[in-house]
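These notes concern the structure reproduced below.
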Amino acid sequence: MEAKGIAETQKAVEDFDPVKKPIKRNKYAFACAILASMTSILLGYDVGVMSGAVIYIKRDLKISDVQIEILMGIINLYSLVGSCLAGRTSDWLGRRYTIVLAGAIFFTGALLMGFSPNYPFLMFSRFVAGIGIGYALMIAPVYAAEVAPASSRGFLTSFPEVFINGGILLGYISNYAFSKLPLHLGWRLMLGIGSIPSVILAVGVLAMPESPRWLIIRGRIADARNVLNRTSDSPEEAQLRLAEIKAAAGIPESCDDDVVHVTKKSDGGGVWKELFLYPTPAVRHILIAALGIHFFQQASGIDAVVLYGPTIFQKAGIDSDTEKLLATVAVGFTKTVFILVATFLLDRGITIGGAFFLFAALATIGWIFFYTMLPETQGKTLEEMEGSFGHFWAKSKHNDSDQIQLAN
């Protein structure tokens with residue numbers, strides 16, 4: 001009797017233990033997110049390789065500093081066009097084939113850059129490559145988020161940033177590897193060889209399944225169920241995710257047909273009005289948070305130090321092209337390993353010290369913005385996340401209510 005009482009007491013104590021999370025991450029979802037996120041290498045490679053290639057482009061094509069600045073900075077504008085097109089394209093073709101399309105467009109742009117005879121042609125080539133980059137940047141995180149289980153979404157959706165930094169490092173290495181070639185050939189190989197990873201990535205993506213969210217939007221319930229079973233941490237989670245996505249698509253939960261006709265189409269119509277003209281409090285909060293993340297990321301100065309690495313080292317007294325490129329490789333390696341925010345001298349209109357104080361101030365403002373505007377989304381499905389937005393200090397309020405509920 002005494003032993004039985006002790007066992008019951010231990011069982012009662014264990015009932016209060018928190019629910020244990022899965023020890024092992026879902027390997028299939030992990031592999032899918034890896035493959036999709038690797039398309040971000042395209043942006044990283046382009047940014048990294050241009051920082052060194054412009055040294056030789058300027059000498060070979062006899063162009064001015066202003067033309068160099070336009071050539072390097074314009075990629076952000078070009079990629080914006082691709083990003084705007086990617087959403088509608090992915091709804092039409094699917095997430096997977098949109099990633100393949102991004103690789104094909106960048107492949108074309110990289111080849112054109114490698115064969116550029118003059119500055120105007122090089123600018124056009126940059127436009128083509130930029131469209132591909134925009135597609136890749138837009139769709140890779142979307143696919144990773146839609147495939148990942150709630151317990152691993154934050155981890156899996158961080159891969160694009162990791163691969164961007166990996167691509168930057170590869171670009172720096174390419175600069176150094178081809179720097180000894182003749183002037184007219186070296187920079188063209190630096191840019192043109194970027195077409196190789198785009199082909200490899202496009203082929204690899206074909207091994208991935210389609211996003212379950214897109215499959216359900218197209219009425220392919222059986223295919224979506226199969227993908228969810230393979231990318232969820234448990235059969236129960238797969239059923240929950242399926243039910244939530246079906247509800248969002250306007251499909252009754254009781255419908256178990258393999259293929260159904262979906263009346264609620266997601267064609268993007270009215271999305272701009274919903275975002276900017278008549279947003280709900282939750283949508284407005286999400287929009288501000290998303291814009292703020294990207295603004296403060298760029299305002300911290302990170303793109304500037306990546307794009308003008310060799311120039312910075314030249315101003316520091318390193319005159320040899322080889323030594324400048326080696327120093328840039330070291331920067332890229334450090335950035336890839338730690339993925340830290342770096343800064344550099346942007347303007348002479350505040351001094352070197354002043355530039356760093358400016359970036360530090362912007363980073364501080366960014367910290368305040370992130371703390372107040374970004375609620376915690378860990379462990380929540382995409383459908384549950386909207387409820388976390390729409391009011392400030394959401395994290396604190398939710399935590400307080402959870403504690404009160406637990407106490408009761």
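Just so you know, glycine gets a Cβ as well, placed from its N, Cα and C.
The domain 'Major facilitator superfamily (MFS) profile' annotation in TrEMBL covers 32-408.
Sequence annotations record features per position, and here TrEMBL assigns transmembrane segment to 28-56 (among others).
Annotated transmembrane segment per TrEMBL: 68-85 (among others), in sequence order. Within its own chain, the transmembrane segment (68-85) has Cβ neighbours under 8 Å at 43, 46-47, 50-51, 54, 57-58, 102, 105, 119, 122-123, 126-127, 129-138, 303, 307-308, counting only residues six or more beyond its boundaries.
Long-range neighbours of the transmembrane segment (97-115) within the same chain, counting only residues 6 or more positions beyond its ends whose Cβ lies under 8 Å from a Cβ of the stretch, are 36, 39, 42, 82, 86, 89-90, 121-122, 124-133, 135-136, 139-140, 143, 188-189, 191-195, 198-199, 201-202, 205-206. What TrEMBL lists as transmembrane segment is 97-115 (among others).
The feature transmembrane segment is assigned by TrEMBL to 121-143 (among others).
Annotation source TrEMBL lists transmembrane segment at 155-173 (among others).
Feature annotation from TrEMBL assigns transmembrane segment to 185-208 (among others). A Cβ distance under 8 Å defines the sequence-distant neighbours of the transmembrane segment (185-208), meaning residues of its chain 6+ beyond its ends; these are 32, 35-36, 38-39, 41-42, 45-46, 49-50, 52-53, 56-57, 60, 96, 99-100, 103-104, 106-107, 110-111, 113-116, 129, 132, 143, 170-171, 174-175, 178-179.
The transmembrane segment annotation in TrEMBL covers 325-346 (among others).
If you look up TrEMBL, you'll see 352-374 (among others) marked as transmembrane segment.
Listed as Cβ neighbours of the transmembrane segment (28-56) (distance under 8 Å, sequence separation of 6 or more from its ends, same chain) are residues 68, 71-72, 75, 79, 95, 99, 102-103, 106, 129, 132-133, 136-137, 139-141, 143-144, 147-149, 152, 156-157, 159-172, 174-176, 179, 183, 186-187, 190-191, 194, 197-198, 201, 204-205, 207-209, 230-232, 303, 306-310, 321, 324-325, 328, 332. Residues 32-33, 36-37, 39-40, 42-43, 46, 57, 61, 70-71, 74-75, 77-87, 89-90, 95-96, 98-99, 101-110, 112-113, 157, 160, 194, 198, 208, 211 of the same chain lie 6 or more positions beyond the ends of the transmembrane segment (121-143) yet place their CB under 8 Å from a CB of it. Looking at the domain 'Major facilitator superfamily (MFS) profile' (32-408) alone, the prediction's average pLDDT is 76.
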